[in-house]
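Notes follow the structure.
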Amino acid sequence: MTQDELKQAVAQAALRQIPQDQIIGVGTGSTVNFFIDALATIKHKVRGAVSSSERSTERLKAHGIAVLDLNDVDRIPVYVDGADEIDASGAMIKGGGGALTREKIIAEAADRFVCIVDASKLVSTLGKFPLPVEVVPMARELVARRLRALGGDPRLRKDYLTDNGNIILDVHGLTISRPRELETSINQIPGVVTVGLFAHRGADVALVGTPGGVQEHAYL
Ligand SMILES: O=C(CO)[C@H](O)[C@H](O)COP(=O)(O)O
């Protein structure tokens, strides 16, 4: 099976997690694109979506799925999103697609985080994938110095601004043995908008695409 076929399989499996007549949180990325396409086939069963990026919003609307403002929504029972890495506790690195801030906001607002990944994203220790950090532009060098002090090698994502008008520093060279602590430390640096570590609010369940089928991993 190709990686795209694995992504498609988990996207399809995620439909079973979608409650009837509710608003669904929708993430960003190539796996989520397959999920949005799958969601379109049951769109009469959902009230609409809260979207984590302009890209996902565009795709949802193209399918005729209503996109709502988070401020107008009381409850999001399920948030479906991909990840760049996920460990055995459900902690993740996210933000490879640059949407980490809105993703973290919707993840926090949702009752349940369903992570959809192919098996290549499962890791024992987070950090091989460079950790994205969204930063207010004027704080770039200050934040970069602080990230170096934490043992990382921050590199500016070239020719890229987030949907919020900020830059991203991708931090290479980290071995993240204590994801919660690192998430807290990086969030303390003035100028950091969001770190792409999702440890305090990790996944509740991961649907993992493998050549043998979709596995479900539940986390406490
Ligand atoms: O965090 C993300 C976007 O900001 C994505 O979930 C992550 O990058 C995984 O993307 P893909 O499904 O394309 O591998």
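From the backbone N, Cα and C atoms, a Cβ is placed for every residue, glycine too.
Neighbour list (GLU103 (active site, proton acceptor), Cβ cut-off 8 Å, at least 6 residues apart, same chain): GLY27, THR28, SER52, SER53, ASP81, LYS94, GLY95, PHE198. Annotation source TrEMBL lists active site, proton acceptor at GLU103.
A 10 Å cutoff on Cβ-Cβ distances gives ASP81 (substrate binding site) a total of 30 other Cβ atoms nearby, all chains included. Positions annotated as substrate binding site by TrEMBL: THR28, GLY29, SER30, THR31, ASP81, GLY82, ALA83, ASP84, LYS94, GLY95, GLY96, GLY97, LYS121.
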(request) Compute all pairwise C-alpha distances among THR28, GLY29, SER30, THR31, ASP81, GLY82, ALA83, ASP84, LYS94, GLY95, GLY96, GLY97, LYS121, the residues listed as binding substrate, and give the largest one in whole angstrom. (result) 16
(request) Other Cβ atoms within 10 Å is the metric here; tell me which of the binding-site residues LYS94, LYS121 scores highest. (result) LYS94
(message) With DSSP assignments reduced to helix, strand and coil, which class does GLU103 (active site, proton acceptor) get?
(response) helix
(request) Compile a sequence-ordered list of residues in the same chain as GLY96 (substrate binding site), six or more apart from it, whose Cβ lies below 8 A from its Cβ; state 'none' when nothing qualifies. (result) GLY29, ASP84, PHE129, PRO132
(request) Write out, in the order they occur in the sequence, the residues of the chain not among THR28, GLY29, SER30, THR31, ASP81, GLY82, ALA83, ASP84, LYS94, GLY95, GLY96, GLY97, LYS121 that have a C-beta within 8 Å of the mean position of the C-beta atoms of the recorded substrate site. (result) GLY27, VAL32
